[in-house]
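Novice: Got a structure here, written out as structure tokens. Questions coming.
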Amino acid sequence: MAIPSASIPRQPNKLSFHHNVSLTVSLSVGSPPQNVTMVLDTGSELSWLHCNKTPATPSTFDPHRSTSYSPTPCSSSVCTTRTRDFTLPVSCDTKKLCHATISYADATSVEGNLASDTFLIDGSGLPGMVFGCMDSGSSSNPDEDAKSTGLIGMNRGLLSFVTQMGFQKFSYCISGRDSSGVLLFGETNFPWLRPLNYTPMVQISTPLPYFDRVAYTVQLEGIRVSGKVLALPKSVFVPDHTGAGQTMVDSGTQFTFLLGPAYTALKKEFMQQTKGVLRVLEEPNFVFQGAMDLCYRVGGSMPAAGLPTVTLMFRGAEMSVSAERLMYRVPGMVRGSDSVYCFTFGNSDLLGIEAYVIGHHHQQNVWMEFDLAKLRVGLAEVRCDLASQRLGVLP
């Protein structure tokens, strides 16, 4: 069954998902359908599945069991023209099939062949969806990657999942309470959802070397800690002549990363406002996940009540991060009888990323709408566990 055209009013297609370090959605691929779990990533284009079972990739898709599976030849237009936004150019393998290598900012990479098959979402079959059938790769977080079968690419590239589906809009809502969420394709006119505040997507006409043209780029204009706006010039938040310094909304990244000057100013102000409330971990060599160097020793539970709210100020919209979302307990790390918590904003410079990245941890309990027709991102605070219940998609 094909998805009807966007002009017909209908219920949006919906999927529930789980999140821990990654957001993962469950769906079916192939004929007969094989159940897969895929990481939801608004920061990348190509969807892919592991097709080669190894100890590191226990969950796989078996193309030999699907009668609708079709590998993509090098000569096809999919291979020659629709891969132009890939970070690495595609090549031709010995079987004359289209070969892709995809690499990510965290140094994870996968490679294999492009192919097409039927994806099933909320009972609707989507035939001929192009994806990567990956047979090898390397991971920076093998334990986490072993939990999913692949990744669903949701940026604005020609071969992203949402572009191929032809939808003009999708939304998601991540619960902070029970590690669940909902992903919706299509219109979302719900009476219980408060009006969204919209921030326009930033477009550039000329390609620049460090600017990702198919990302969901918005304009960050300032950062506020409680009532105090950080004293930073607007130019700090504007991409430079190479394109470096864009602000991307990325569901494939867990935390939020700011370029050096903005991060340093935020860190200083946050430390100032939490003096006497939080005890800094005095270990200069400890950096969580390579970029988060502001950590604390906490005895008992995190004193959420005494923490300031950090607000990201976008053009036309704001995203406020408060209480427990400001801190992340480092798993398995203790100092005496204290737990170690780190501030959930990190320094992009330490990761070698030339951008501001808004991760999914700070999108919890925010209704996130990506409007591809009007080129804007909508936000509204909402209890996402209640939204999932209302939509009847609790896992």
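Each Cβ is built from the backbone N, Cα and C atoms, and glycine gets one as well.
Predicted automatically and left uncurated, TrEMBL annotations should be read as such.
In case it helps, TrEMBL gives these features for our protein:
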DOMAIN    23-380  domain 'Peptidase A1'
ACT_SITE  Asp41  active site
ACT_SITE  Asp250  active site
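Mind running through what each feature is packed against?
Specialist: With a cut-off of 8 Å between CB atoms and residues at least 6 apart in sequence, the same chain places Leu151, Ile152, Gly153, Met154, Asn155, Asp250, Ser251, Gly252 near Asp41 (active site), listed in sequence order.
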Novice: With every protein chain in view, how many other Cβ atoms are within 10 Å of the Cβ of Asp250 (active site)?
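Specialist: I count 26 other Cβ atoms within 10 Å of it.
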Novice: For the domain 'Peptidase A1' (23-380), report the average pLDDT of the model, please.
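Specialist: The predicted confidence over the domain 'Peptidase A1' (23-380), as a mean pLDDT, is 92.
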